[in-house]
């Protein structure tokens with residue numbers, strides 16, 4: 001038999017090897033290293049991913065939602081603090097799952113491995129169809145709105161200008177992510193630092209206000225004075241809105257395979273990032289009420305901008321620019337992590353295989369990134385973005401609970417499984433109690449919205465039955481899909497390096513490689529890509545590809 005190898009290993013002058021493609025670092029049976037995504041995310045970048053994805057526009061724009069439902073400043077601050085504690089607990093549960101099931105894809109991978117393919121596919125379906133495209137579109141539009149605000153001080157920017165700038169933002173960040181993982185993480189680090197500095201400015205101004213004696217709404221008798229009667233249902237909604245403000249805490253789990261020393265850096269990044277975000281959120285809200293009354297805060301559509309106008313004077317432009325920079329970094333972080341989710345789904349056979357392929361030199365999942373970008377650009381063309389987010393917000397939170405419940409199920413089903421991190425079962429139980437409390441009140445408060453969200457999720461069942469469960473599809477259909485995949489490979493110079501099952505190359509050579517590279521070799525790249533990719537200008541075989 002021909003000995004075939006995949007995206008081949010280039011030997012440099014120093015004798016080191018460079019790899020290009022898919023899953024954990026392992027070796028094949030014949031001593032060849034299995035191809036893998038580069039591990040380029042260190043502890044600092046890991047913290048940047050968590051903090052950068054959690055802190056978007058919410059803390060700058062609309063803390064009023066929590067205050068409106070809490071009815072008092074004191075209770076709102078308690079909600080922000082408790083929500084941060086619950087977020088830390090859920091992140092600890094995900095940390096155990098992340099090192100027990102060390103695959104990229106986050107909760108999708110965990111749900112699929114624990115509860116089966118259909119449950120995992122439904123998680124992926126709702127993310128692909130609505131969650132990530134809509135969230136990225138909204139964040140990009142928020143960036144455009146605040147970036148253009150200084151140019152339109154007395155009116156709203158034109159909708160076409162907003163859409164165009166949002167699209168430019170998405171295209172630029174997609175290109176950066178396609179070009180280099182290192183560039184993408186550096187962008188994330190820089191803009192995360194920028195948004196933290198902006199929030200530090202808000203907190204420092206709040207401290208100055210307190211030193212001047214402006215703390216009327218922080219005194220206990222005033223802080224807990226209800227602006228309207230307390231209502232348990234509204235308080236539950238305040239917790240739900242606070243939880244959405246912390247959304248993004250689980251995004252590091254989507255890129256586990258690219259994390260340097262994940263057994264140490266995954267929990268470390270969580271221990272650093274979640275308390276930092278909680279501190280920033282609580283003290284930013286304290287700063288806001290030193291300059292504004294609760295009524296002024298609830299009347300503002302952009303709290304940080306109103307805060308800056310009151311305290312910064314001619315320098316008030318800093319706040320809208322800070323929001324724009326924060327959201328720009330938020331778009332980058334969302335593109336980076338969501339593309340890895342789609343990459344993981346394609347690798348498991350739940351999305352087209354082209355999305356699980358990686359550029360032969362840059363080691364970036366270009367097809368998954370382009371798919372993410374295109375779906376987001378399509379969302380920019382619809383006027384129902386916010387409606388869709390309301391529908392699927394309930395489902396997104398539902399799967400958080402399902403994933404944490406999976407941690408308990410895994411402990412029961414496989415008690416002897418190696419767990420580099422093992423948290424007390426009290427933590428997932430506490431989270432699930434809180435989670436059930438929020439879901440019950442969500443169903444009670446907005447039953448129609450929640451049911452529509454469930455319907456959108458269940459629409460993925462027939463798609464799963466046709467696309468995944470039905471394996472014996474007509475040969476003509478499989479041939480058509482194979483041709484499209486081959487065309488995509490030639491266009492993007494990408495290769496799928498991790499074949500889980502017995503596969504046939506286009507030239508008839510049989511290749512077999514499991515997840516850990518245990519049963520054979522990868523398909524030789526010349527059987528996959530156009531021959532021109534393998535030849536240099538003198539029509540000689542390029543050694544770096546063979």
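From the backbone N, Cα and C atoms, a Cβ is placed for every residue, glycine too.
All TrEMBL annotations are machine predictions without curation.
Computed from a predicted structure; not experimentally measured.
Within the listed segments 4-27, 100-123, 124-147, 268-291, TrEMBL records transmembrane segment for the stretch 268-291. Record note: among 424-445, 490-511, 512-533, 424-445 is the stretch given as transmembrane segment by TrEMBL. Relative to the transmembrane segment (311-331), the listed stretch 196-215 leads the set 196-215, 268-291, 451-470 in CB pairs under 8 A. Recorded stretches compared: 235-256, 268-291, 394-412; the one with the most Cβ pairs under 8 Å to the transmembrane segment (451-470) is 394-412. Using a Cβ-Cβ cut-off under 8 Å and counting only residues 6 or more beyond its ends in the same chain, the transmembrane segment (235-256) has close neighbours at 41, 46, 49-50, 52-54, 56, 58-59, 63, 65-66, 68-70, 75-76, 79-80, 82-84, 86-87, 90-91, 94, 97-98, 102-107, 262, 266, 269-270, 273-274, 277, 281, 333-334, 336-338, 340-341, 344, 393, 396-397, 400, 434, 437-438, 441-442, 445. With a cut-off of 8 Å on Cβ pairs spaced 6 or more residues apart, the transmembrane segment (394-412) and the transmembrane segment (196-215) reach fewer than 3 such pairs and are scored as not touching.
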